[in-house]
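Marked as pyridoxal 5'-phosphate binding site by Swiss-Prot: Asn155, Gly261, Thr262, Ser263, Gly264, His265, Ser341. Marked as N6-(pyridoxal phosphate)lysine by Swiss-Prot: Lys127.
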Amino acid sequence: MALADISGYLDVLDSVRGFSYLENAREVLRSGEARCLGNPRSEPEYVKALYVIGASRIPVGDGCSHTLEELGVFDISVPGEMVFPSPLDFFERGKPTPLVRSRLQLPNGVRVWLKLEWYNPFSLSVKDRPAVEIISRLSRRVEKGSLVADATSSNFGVALSAVARLYGYRARVYLPGAAEEFGKLLPRLLGAQVIVDPEAPSTVHLLPRVMKDSKNEGFVHVNQFYNDANFEAHMRGTAREIFVQSRRGGLALRGVAGSLGTSGHMSAAAFYLQSVDPSIRAVLVQPAQGDSIPGIRRVETGMLWINMLDISYTLAEVTLEEAMEAVVEVARSDGLVIGPSGGAAVKALAKKAAEGDLEPGDYVVVVPDTGFKYLSLVQNALEGAGDSV
């Protein structure tokens, strides 16, 4: 029996369709070990399951098994010297993103930990993860110099523009008129073409146009909303890191909270953590009816993974005003300037704690990006909150 580098088997991933491989992933996470494979190429679904949970090694042989530690699932540590030979190496090895205990005082023994995703280098957001996974897979079959494109509310467009360029592709991003200014400007800085549709009320309303243009012009529509590499990037990255960090940090992890955009990162976090411990709570946050919070949307607008996976979750609603109240509270409690989608998740968790709906323990809030991108919203929030001495 032996352990083989999983990178030698990545070519089998594209042959796996659908979500049936996730049953293998769930079983490995629940049992804490994987069985040995006589011929890994003859079991592509099992190989993909190991890849998606973050294993770097495959157990090869007969009648044996290996633990998650032996598979490399726990092999996450930032190089002490923080020296990287390339930007992509920085992205890959500059992990995990920090998990920080907040000083916020929530009722009923609920302790808040902030997963700071603005430590991803390209877009300063969680969207780097799907952008790298999508483009790296695409690079195995699409000629360099090709045009890649997608609809975005802002962060994914920045990430796509940067990552596409690093892999030798041209990028185009489509944005609704209400997108944040950084989302319109930074892709141009990164060499991408930017198309803003002032008539589109939201990002998803741009998808028919992107699909039509892709058919007519022949570019690659990467489609973050329905590309399973999005969900799988968060399984390998965001969710796995929360699992490893909570174990290493000695957290009594009782739940995870986060906002819904494509549903990629929170579907992955819920699936991964509930596979390890089915009692883990997942609080998923959407804007209140008739309200708008940058980067997130309501479930009924159409989300793939949250509706396809066997996960348990509580859906919470938050207004933009409430989200920005939480941004102010975290800034004054912790000195950390989180974005409105992170504020929405903090506020939702606080509401659930106040209602007595959460067990005492540690709860991780995924903070997708930084509030430095949303200064007009911060200014409006301060007019309501006032100064604090």
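Even glycines carry a Cβ here, placed using N, Cα and C.
Sequence-distant contacts of Thr262 (pyridoxal 5'-phosphate binding site), defined by Cβ-Cβ distance under 8 angstroms and a gap of at least six in the same chain, are Pro130, Gln224, Phe225, Asn230, Met303, Leu304, Trp305. Report note: the pyridoxal 5'-phosphate site is defined by Asn155, Gly261, Thr262, Ser263, Gly264, His265, Ser341, and the residues of the same chain whose CB lies within 8 Å of the CB centroid of those residues, excluding them, are Val126, Lys127, Ser259, Leu260, Met266, Gly295, Ile296, Pro368.
In this structure, the CA atom of Ser263 (pyridoxal 5'-phosphate binding site) is 12 Å away from the CA atom of the residue listed as 'N6-(pyridoxal phosphate)lysine'. Rounded to a whole number, the distance between the Cα atoms of Lys127 (N6-(pyridoxal phosphate)lysine) and Ser341 (pyridoxal 5'-phosphate binding site) is 13 Å.
In this structure, the binding-site residues under consideration are Gly261, Gly264, and the one with the smallest number of other Cβ atoms within 10 Å of its Cβ is Gly261. Among Asn155, Gly261, Thr262, Ser263, Gly264, His265, Ser341, the residues given in the record as binding pyridoxal 5'-phosphate, the maximal Cα to Cα distance rounds to 15 Å. In sequence order, Val126, Arg129, His234, Thr238, Ala239, Gly258, Val366, Pro368 are the residues near His265 (pyridoxal 5'-phosphate binding site), counting only same-chain partners six or more apart with C-beta under 8 A. Recorded residues Gly264 (pyridoxal 5'-phosphate binding site) and the residue listed as 'N6-(pyridoxal phosphate)lysine' have their alpha carbons 10 Å apart, per Cα-Cα distance.
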